[in-house]
Amino acid sequence: MLEQARRRLAGLNAKLRHHDMLYHGLDAPEVTDHQYDLLVQEKKRLLDEFPDIRQYDDYADVVGTPKIDSRFPKVQHLEPMLSLENAFTVQDVEKFITRVRRFLELQPDDILELSCELKMDGMSFSALYHGGKLTRVATRGNGHFGEDITTNAMVLRGLPHQLDSAPEVLEVRGEIYMHHEDFEKLRGSCNFANPRNAAAGSIRQLNQKIVEERNLSYVAYSAVNSTFATQQEILKQLDEWGFHTNKQVLFTDKIEEAIAFYNSVYTTRSALGYDIDGVVYKVNSINFQKLLGATGKSPRWAIAHKFPSTEARTKLLDITVQVGRTGVVTPIAELEPINIGGVMVSRASLHNLNEIERKDVRIGDLVIVKRAGEVIPQVVDVDKTLRSSGTQKFVFPSHCPSCGSKLHREPGEVALRCVAELSCKAQALERVKHFVSRDGLNIMGLGAKQIEFFCNHGLIGSIADIFSLEEKLHGINLDTEHGWGEKSVANLIAAIRNSATVRLSNFIFALGIRFIGVGAAKLIAEHYRSYKNWHQAMLALTETHDTVQIRGLGEKSISSLKAFFSVQGNLEVLESLSAKLNILDEASPAQRGSSAISGKTVVFTGTLESMSRTEAKLQAESLGAKVANSVSANTWLLVAGSNPGSKHEKALSLNVRVIDEQTWVKMVEDARS
């Protein structure tokens, strides 16, 4: 179950990255906010149910992704524009109320009033007023920074440009959307999938006249930096200032009334003339809101009760299998394409062999497919009443479809997996992505597309091949390939060279061993201190029935280490890597905490003779220091090599201590002794 959850988490993160890039980076979202939020909600439920997989979460606390190559200036919000936590059932709402009451330490007879408001399916914005005058309008962006769309927002119907008796600084938030009628008029000339996409794309037009012609609407729902006592007062004042507000709102202290409001809205929403995707419940008291605060990405005082997911029936054309990074072999339903909730679906998850057998899924069946925040949709049922005699039972392969290794099922697990790990080509692509990730070797410029390119062209077959790439590229002219140029190739080679010096904990994590996330890798590295010690201990572990004790590490992690070192192909890759990398020793927690530079800011400048800049940086960080790229008043130490440049002059002017490379080496040795 844990491996399934980890695989699901990786898929959810991949999907979230994909949609964040489409929405925030390319202005071309494929899904609605509703569909995106379902992905976020499923991820939250998954992490709540399997807390042990949090260490594998490489896309945490995400609100959005900064827009690339933006045509609009980036601006900062007064306070972060966080996304809302989602509820899909009455039980979810009840749990939210319970959490809020517990957090506020309310007694059973204490009143907790809610504001129940429609959740618009549009694009969030903030409007900033100084002295009552509208000075800036911005998109939500990544929650902290958004795009300045002031010029275009000036033509939004009914958006006040001047407020009477407003606070000196006020930030009003709301949603830009498009009515169905206006969307239908637009559909003939523009290729937008739905009103939400049309609103998001229209407000980002470079031509203000086009924005005005699109007839966009908005609704305001909150005010930041205000002195109001309740959300009810905020909505009333927004209305008096002339903002468009949604009049379909309920204030109640009874959860039954809130749910009844939700049900009423759900059944009558088609008559609204615009899209909504749920009801938002907010704690009405602003004082309570301030006490509740927020998590990394969601306020604790609000939740979005989302409308049910959609299902559809289609034909199962075939069942294929795919091998993931950790070797799990997953069956995939190949479907007759069907439109579910505005998205064309042609593939769906069948989860595992047990699920196929339990549901008696056969090729040729009519299956029920559900989209409810899945990475890919899932097959939830089979319509056996229409089963024909020509359907076929699926035979799950006994060997890996990629490398031919015999598939293995571990006790207590339902997933079949290929245990070849580092030597299985199907796993190579995802393993290389993991290897170069931020918490691994952190190779900038070697992203998913570049890795896929090199794998498809036979230049990378395993993680060790990364460090032979420079040699292989000598005989290849990448300038003729799309997306490559002389500068990008040079930058990639430089990044690979820099990554050849790596801290032991990062190296262990980068290998992608099952159950060894960032935290576990650090525990292992701190226990053995050097690559040589760790390698020898693991080889000894495979030759005995004994086990090892590493503080904080569980049985599954130890067993996984033993299994990893029992595969000859893995040992060969390790031998190749250790010959090409400079794997730095890991400092103990005691060393980091007690070192003279712990918590201090260090800057390096000039050319170092005995080590690379990367190695020096890792040395400093391993001893608890913060490494900065520039000198400031907060800099504690400047390490100057030959030809130090302007940083040296600035350090002297700020009375920052300056030492040479030899003194730095001695300082590191003393800290580690």
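The backbone N, Cα and C atoms fix where each Cβ goes, and this holds for glycine too.
These numbers come from a predicted model, not from an experiment.
Per Swiss-Prot, the features are as follows:
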ACT_SITE  LYS119  active site, N6-AMP-lysine intermediate
BINDING   ASP33, HIS34, GLN35, TYR36, ASP37, SER83, LEU84, GLU117, ARG140, GLU175, LYS282, LYS306  NAD(+) binding site
BINDING   CYS400, CYS403, CYS418, CYS424  Zn(2+) binding site
DOMAIN    592-673  domain 'BRCT'
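The structure, with features from Swiss-Prot marked on it.
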{"residue": "LYS119", "record": "active site, N6-AMP-lysine intermediate", "contacts (Cβ under 8 Å, 6+ apart)": "LEU84, ILE276, ASP277, GLY278, VAL279, VAL280, ALA304, LYS306"}
{"residue": "LYS282", "record": "NAD(+) binding site", "contacts (Cβ under 8 Å, 6+ apart)": "LEU114, SER115, GLU117, GLN231, GLN289, TRP301, ALA302"}
{"residue": "CYS400", "record": "Zn(2+) binding site", "contacts (Cβ under 8 Å, 6+ apart)": "VAL323, GLY327, VAL329, LYS406, LEU407, CYS418, ALA420, CYS424, ALA426"}
{"residue": "CYS403", "record": "Zn(2+) binding site", "contacts (Cβ under 8 Å, 6+ apart)": "CYS418, ALA420, SER423, CYS424, LYS425, ALA426"}
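CYS418 (Zn(2+) binding site) counts 25 other C-beta atoms within 10 Å of its own C-beta, drawing on all protein chains shown. Sorting the domain 'BRCT' (592-673) by DSSP state (H, G, I as helix; E, B as strand; all else coil) yields 33 helix, 18 strand, 31 coil. Other C-beta atoms found within 10 angstroms of the C-beta of CYS424 (Zn(2+) binding site) number 21, with every protein chain shown included. For the recorded Zn(2+) site, residues CYS400, CYS403, CYS418, CYS424 set the reference point as the centre of their Cβ atoms, and the other residues of that chain within 8 Å of it by Cβ are VAL323, GLY327, PRO401, SER402, GLY404, SER405, VAL419, ALA420, SER423, LYS425, ALA426, GLN427.
The number of other CB atoms found within 10 A of the CB of ARG140 (NAD(+) binding site), across every protein chain shown, is 23. When other Cβ atoms within 10 Å of the Cβ of LEU84 (NAD(+) binding site) are tallied across all protein chains shown, the result is 21.
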